[in-house]
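S.K.: Dumping what TrEMBL says about this protein:
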- 316-483: domain 'Helicase ATP-binding' (DOMAIN)
- C546, C549, C586, C589: Zn(2+) 1 binding site (BINDING)
- C555, C558, C573, C576: Zn(2+) 2 binding site (BINDING)
- 581-740: domain 'Helicase C-terminal' (DOMAIN)
Amino acid sequence: MENQPYSLFSSLEAEEVTFFADLILPIPVPKLFTYRVPRGMADILKIGARVIVPFGKNNGRVLTAVVYRLHNTPPGNYQARYISEILDEYPLVTGYQLELFNWMSAYYMCCIGDVMNVALPSGLKISSQSKVQFNPDFDYPELLTEFESTLLTELKKHPALSYDELSRLAGESTNIPALIKSLIGKKAVIVFEEVKEKYIPKMVRKVRLHRNYEEREQLLVLLQRLEKLPKQQEVVMRYLSHIPLQRDPTLNQKGLDKTILNQDEELSQSSLSTLLKNGVFEAFEVIQPRFSDNSPASSVEIKLTDAQRTASRQIMAQFESQNIVLFHGITGSGKTEVYIDLIQQAIGSGSQVLYLLPEIALTTQIVVRLQRVFGDKMGIYHSKFSDNERVEVWKGVVSGQYQFVVGVRSAVFLPFDNLGLIIVDEEHETSYKQHDPAPRYHARDVAIMLAHWQQAKVLLGSATPSLETYYQARQGRYGLVELFQRFGEATLPNIVLVDTRQEKKQKTMKNEFSSALLYALEMNMERKEQSILFQNRRGYSPYMQCEDCDWTAECPNCAVSLTYHQRDAELRCHYCGHKEEVPRVCPTCGSTKVRTIGFGTEKLEDQLQIYFPESRILRMDLDTTRAKNAYQQIIQEFEGGQVDMLVGTQMITKGLDFDNVSLVGIFDADRLIRFPDFRATERAFQMLTQVSGRAGRRAGRQGTVLIQTSNPQQTILQKIIENDYKGLYDEEIQERQDFNYPPFSRLIKLTVRHPDRAISQQAAERLAAELTDALGSSRVLGPEEPLVERIRNQFLFDILIKLERDKVNVKAVKAYIQDRINDILTDKGLRQVSVVADVDCL
Ligand code: ADP
Ligand code: ZN
Ligand code: ZN
């Protein structure tokens, strides 16, 4: 204002108020930042809109921020900078979402910027880190200005340009944020952050008849001419059977996938080439639209069984008095069918529905089933989608195109404003909890808050509910509906324990395989039925050791052994990703007796191939599923029936539904059970019950599950055999109460990290002492070194805080803990110490 020239209206202007906006910046800082709103923007700027702002030294960075508050008080301790551009005229982030961000940052003890950063797909965050790509789907050149048009011609020549490269290209005087905003608005460019997110369109090769033959008469002449060339005539006829030109000549322009025409023998391929050469057909390429899988709903009618209908009605009845209902239905009972029924009712009443799954890639089968019912009204939101696909779902929710979204945990961040129902399928799954980075949130618990704000109902579904959830249901705080009958005539599988200690004594084990399991696999092969083998460890073997001097391969950065991966002939750290070559001789003593100990999925696959040379085996674990469609491929191949056995990690336990699987073999059950954690028994029960549930899902023969264990007497195994969830619950809940673990308390884990072990320990001890003084020693455990005490060259110490459910003011305690953490972080003697708070840690 100071530099304004004198004007007749100066008295008026002096009264004019300056507006300020408090912004959420997508960076880990604890506070909002106040920026000045340029004069012309004051009228249009809305809470929840995105703006572009300069940030950092000399305004060197450009960031996208979200408006949290508008006011006219300048910040007290710094000079507010100007907002450079407004990206949205209407709020992109709803009031509910701002409330959610705020709540999450307080509850999960993290910065609001961290929350916003994971909530917004990076395609919505233009920054100096962004890359800009020409949109191959771009369709409206007539909308471009001349300048934009020239720029695009240039952009097309590059795979993508960085923000800086684009600025250089456009020239100094150009307002780059404004330019990008305009190009995005015209759908001429795509913005992304990481190279892996670059949008690569799928090209489809097509053929069509030359225009000359579109009209009936010409077509007849052509067919006549081909009378003497039956092969070529056949190709044309096949084209016509897919594209009935006789009825509608305009159909020809769209053409037909080339693969459909030359599917079979080579003859038709050469005929097609000749036809192309002679100009009868012409070849062309088109971009496959991104969501082409989304076929419109075929009007499949779901007929619920009596038991399912009863369950659905009970759930609706309980929703009358309860906001949250637990749906406890055994594996294969058809919970999905019940969900579909409820979703249809909710959509029918005009509200939005969110269906959460632990990992969509693994539940392709469910998505396909849902798609058949809901078609392109259903949005899909998951981690293997590119960022731009996520932006489209986001916009589809705002525009109302997607009233129903099925997604993974991050789908809780979508801009819903009228939720009626949230379904959390497999609610016990730990993958609902984000471990790293912040916010370390649990999607089930966030979903419950979302529903609370929007007065929606929550349905938690599982065959093996988490103890926390079941406890709430028992207490009457959640409703409870049970379905203990498999769909159709199918029954739960018969679970048999195989005593590996016995078999070892009798020398009947072959490597990792008991004779009982080998026999069962053989029988299953003969019957042409499929088997699933479960070992929750990937790689070939978890240890490599020297027989002479006991040297073990260890990660240089972490306190763990390296896993041997035979396929890639390397040793790998599963914590930090470190890789090294496999040593030929022991690096310490030079001995050649370097051997592997223990076994992972790779080794099982190898051994199976030796015992069953004629069988076809697939493996599903992190290593075989890195590519975008790898899961689908494995699942489809296995479904196709050409495959006899599927070996896998916990991935194969989640929601898979195969007709022909009648045998499940489980290795190393003892390791799951003995894991040193108070949740180990619960987890082992869940995992073993879920993987067993993959067997015998169709009427006919009852499925069989063989569990290999060195101690068949363990009570938990008996409970798994009897499918005795309630028995497990009663025992476990007593223990939880005795030791004051969840659900009787809330846990907060603080992890202190530093590259120097002594400093890490010193900081952790000080923090623990301060917290113990304030909270009492019964509420503070540790510090203690975790099982893996060093990761990425940081030494770790854990402090566990237990807060009773009802007696403690959790909010105040969290604020106190945060203050003590801040003391540590600002202590000059403890430089570089970092502290991670994990609320409701698992
Ligand atoms: P859950 O999720 O409870 O383990 P699913 O929902 O996967 O069980 O159902 C098991 C199988 O039974 C699926 O293949 C499903 O298509 C079939 N099924 C369940 N209910 C019905 C029904 N009412 N009509 C037809 N098929 C059904
Ligand atoms: Zn050695
Ligand atoms: Zn490592």
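Placement of Cβ uses the backbone N, Cα and C atoms for every residue, glycine included.
Remember, it's a predicted structure, so these values are computed and weren't measured experimentally.
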S.K.: Within 8 Å of the centroid of the Cβ atoms of C555, C558, C573, C576, which other residues of that chain place their own Cβ, given that this set defines the recorded Zn(2+) 2 site?
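M.R.: For the Zn(2+) 2 site, the extra neighbours are P556, N557, V560, L562, H574, Y575, G577, H578, I791, R792.
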S.K.: In the same chain, which residues outside the set C546, C549, C586, C589 have their CB within 8 A of the centroid of the CB atoms that define the Zn(2+) 1 site?
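M.R.: These residues sit around the Zn(2+) 1 site: E547, D548, D550, W551, P587, T588, G590, S591, K593, V594.
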S.K.: So what sits near C558 (Zn(2+) 2 binding site) in its own chain, CB-to-CB under 8 Å and at least six residues off in sequence?
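M.R.: The list for C558 (Zn(2+) 2 binding site) reads C573, Y575, C576, H578, V788, R790, I791, R792, N793, given in order along the sequence.
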S.K.: What count of other C-beta atoms do you get within 10 angstroms of the C-beta of C555 (Zn(2+) 2 binding site), across all chains shown?
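M.R.: Step by step: centre on the Cβ of C555 (Zn(2+) 2 binding site), count other Cβ atoms within 10 Å, giving 25.
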S.K.: Taking the binding-site residues C549, C576, C589, which residues show a Cβ-atom distance to ligand 2 below 6 Å?
M.R.: C549, C589
S.K.: May I ask which of the binding-site residues C549, C558, C573, C576, C586, C589 have a CB within less than 6 Å of any atom of ligand 3, listed in sequence order?
M.R.: C558, C573, C576
S.K.: Looking only at C546, C573, C586, C589, the binding-site residues on record, which one has the least crowded Cβ, with the fewest other Cβ atoms within 10 Å?
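M.R.: Among the binding-site residues C546, C573, C586, C589, the sparsest Cβ neighbourhood within 10 Å belongs to C589.
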S.K.: Would you count the other CB atoms within 10 A of the CB of C549 (Zn(2+) 1 binding site), including those on all shown protein chains?
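M.R.: Excluding its own Cβ, C549 (Zn(2+) 1 binding site) sees 13 Cβ atoms within 10 Å.
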S.K.: Please work out the number of neighbouring Cβ atoms within 10 Å of the Cβ of C576 (Zn(2+) 2 binding site), leaving out its own Cβ.
M.R.: 15
S.K.: Taking the Cα atoms as reference points, how far is C546 (Zn(2+) 1 binding site) from C555 (Zn(2+) 2 binding site) in Å?
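M.R.: It is 16 Å, counting Cα to Cα.
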